[in-house]
Amino acid sequence: MVFSRRGGLGAQDLLLSLLLLAAWEMGSGQLHYSIPEEAKHGTFVGRIAQDLGLELAELVPRLFRMASKTHGDLLEVNLQNGILFVNSRIDREELCGRSAECSIHLEVIVDRPLQVFHVEVKVKDINDNPPVFRGREQIIFIPESRLLDSRFPIEGAADADIGVNALLAYTLSPSDYFSLDVQSSDEVSKSLWLELRKSLDREETPELRLLLTATDGGKPELQGTVELLITVLDVNDNAPLFDQAVYRIHLLETTANGTLVTTLNASDADEGVNGEVVFSFDSGISHDIQEKFKVDSSSGEIRLIDKLDYEETKSYEIQVKAVDKGSPPMSNHCKVLVKVLDVNDNAPELAVTSLYLPIREDAPLSTVIALITVSDRDSGANGQVTCSLMPHVPFKLVSTFKNYYSLVLDSALDRESLSVFELVVTARDGGSPSLWATASVSVEVADVNDNAPAFAQPEYTVFVKENNPPGCHIFTVSARDADAQENALVSYSLVERRVGERALSSYVSVHAQSGKVYALQPLDHEELGLLQFQVSARDAGMPPLGSNVTLQVFVLDENDNAPALLAPRVGGTSGAFSELVPRLVGAGHVVAKVRAVDADSGYNAWLSYELQPAAGGARIPFRVGLYTGEISTTRVLDEADLSRYRLLVLVKDHGEPALTATATVLVTLVESGQTPKASSRASVGVAGPEAALVDVNVYLIIAICAVSSLLVLTLLLYTALRCSAPPTEGACAPGKPTLVCSSAVGSWSNSQQRQQRVCSSEGPPKTDLMAFSPGLPPSLNTSERNEQPEANWDLSGNPRQPNPDWRYSASLRAGMHSSVHLEEAGILRAGPGGPDQQWPTVSSATPEPEAGEVSPPVGAGVNSNSWTFKYGPGNPKQSGPGELPDKFIIPGSPAIISIRQEPTNNQIDKSDFITFGKKEETKKKKKKKKGNKTQEKKEKGNSTTDNSDQ
């Protein structure tokens, strides 16, 4: 609110003018208010919160504050209504002196976010200072001999106000002798002269008293008076005269002491003592001028005696008086104006305030970090300051107002790349040569949890021997977090899952701080060959970040299982058995066969057979196959040979150390005439086991049929659901994984699951035939295998080839008598674009020419009970690529398995399936009577027995 203490414009006009002025200057980035000086406490200045666009409710929460370098207590803000008001008396003359412009510069700072506003309050001058003369009276000596129109200088008044309020008008009281002559120059002050209008006569009028009145131009007008005492002298009627009334001098502020400023020249028309002139400063000269300059009383030289400073005083006005030595003395005055020229002798000044540190590395761009204020006491180009920042990234300086800068964020921060920035702000002026100043700002970047713990590799392979001690250390995982402090504290834990019927945590544990992995119990290769699990690393940040690493723990086999002997027939024992051999047999005749298995794998399960020498070193006519276990004659037996031999066969594996088992074979030599009886007895003895084996096979067929029926029903239900559901994937999209189990002798891993899709352009995809094997460790159930689909893929991303072996249980295999062979598996090829899959070539196991045979691999152990099927030599037909065999049989069982495929152009999506039947139904359409079936079975049993003896 603008007002005048002694009158002025109307309140409404002034308020309207003030609002228009404030609205105009708001566009320049600074608020401007104006207020008259001498305003009372509480005088309204402006609604600063509203003008700055701030809500009243946010002034206190955002820490609204106002600061000023030198006059912070003159104005205040009411935080309740946002009004800027006068807090204490404002005296413009005391605040700014005689400066034409007088303003109070305020900085308004609010936080959250940090903002700085600049407010300028202009203090208007009011006419509160009357003109003031230096003294109450001025004494003037005038000789009576002075001529008319002679002029006598008198001292004027001074007004502390400015502008119109300081414009003085002088009036002189009425007089017949003198009139007032006022001369204006380009200076603020005016030259006053008394001009003689009537000759003086000391005898008539020895002295005169006149009243000089000074009136300013303010409203209302203020006045000041001084009394002029004029004494009329009778002698020395010529005063000294200067050659010029005003001397103008320019000096650099760096001018050295003792420099001659100027030489005054004054002359006196009188002669003798009355013509001698003495120079001196006027009695009313300021003390500052007396300290800076001196005048030689005789020569009139003015010299500099102290340093000049443009920033303190820009000009000096020196009044010099010339007085002669007459009686009474006469004097005259001149004015010397000394203007000080600025020199770039002040370096810029920097002040860094309101540091907002440390700064988070996820701080948004343009975030204010610090406020920087620069100043230079010089003027003009010497005082024009520019700021620069090194380095330039990721920060920049933004000029908010004249000589005010904000240090803001210019690009994204990354504490992991650089955590502390050492910035140098340089302020340089425009002088020549230029001066500069620097300020260092250290900006610390606060960490944000933006980096998850990282392992050196995504997967580790660990080899652990079985039968390890409980609690042994098997591996150490380590993850590194690039963050700092709690964001880099990594803890480890297991990703829990089920392994068979047990939890993963019952097998292994991981130390939360060190990452050491411990085996909690002894591992058994025969039970669990591969243990695959994940370890999670998680930091302590908010929110926490984590990553997983996969550990594949291969349990290495140790030779901890001795060979186990198998009974040759039902009802026999695994340690000893007897055989009847005709006495007259040729060399190489197979007498018996020792069968043994080893629960270990690899070399630990590779068995060899040795015949122990007889007691007393006697030679025996028998030998045993090193790897087959077949006991055969070494020569033709004759009458000289003993009738009964007790053979000790040592079965030994290849482990370290090797484990052994001993089998006792009693071989009885019989006469040729006794052979049929023995055979007959053997047939009778075999009938019982054969019947038991048939019963076992019947149960096996029933179980296979039940499982196959469930599989067919499941496939039909799945096909129906797929046909009824809307298609969401392509014809070759991967389906739900199906379990395929296999194992290999000597391998350290178990295949877990795989599914191959047959993709064809003619019809929907088909699923390959999946073969299930009991070779998988019993601790892995179906749900756990589904959790590890990645185990079926090799390192190159291609699916692993399944083991071509067809698995049977050890009990079923023990009852099957066939020669040991290892044949090459065929290939089951998928549709166009599908992968190839190993598949056994199969044929019927009948004794017919086109029939084939089935045999286990060499050195098979308990877990290596695979069988290979091949076509017989009489039938060259082999399954071609992409084909499946028509049918195959299970040796020792009357069942056959037929495989049928739908044509590729069939519109119904049916999976390949298996049918079961009797062997007799697959023979070459031989019509046999029901009464002959029993004889055929017996013949087949005898044939099987003969094959085992050969």
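One-based numbering along the chain as shown.
Just so it is clear, glycine is given a Cβ too, placed from its N, Cα and C backbone atoms.
Any TrEMBL annotation is an automated prediction that lacks curation.
Per TrEMBL, compositional bias 'Basic and acidic residues' is recorded for 909-923. The annotation domain 'Cadherin' is assigned in TrEMBL to 28-133, 157-242, 243-350, 351-455, 456-565, 588-678. Among the features that TrEMBL reports, region 'Disordered' is placed at 752-808, 827-950. Positions annotated as signal peptide by TrEMBL: 1-29.
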I'm checking region-level scores; what's the whole-number mean pLDDT for the domain 'Cadherin' (456-565)?
93
The domain 'Cadherin' (351-455): DSSP-derived helix, strand, coil residue counts:
4 helix, 55 strand, 46 coil
Take the domain 'Cadherin' (588-678) and count its residues per DSSP category (helix H/G/I, strand E/B, coil), listing them in that order.
14 helix, 39 strand, 38 coil
Helix, strand, coil: count each for the residues of the domain 'Cadherin' (243-350), based on DSSP.
10 helix, 48 strand, 50 coil
Composition by DSSP (helix, strand, coil) of residues within the domain 'Cadherin' (28-133):
12 helix, 40 strand, 54 coil
What counts of helix, strand and coil residues does DSSP assign across the domain 'Cadherin' (456-565)?
7 helix, 53 strand, 50 coil
For the domain 'Cadherin' (157-242), jot down how many residues DSSP puts in helix, in strand and in coil.
4 helix, 41 strand, 41 coil
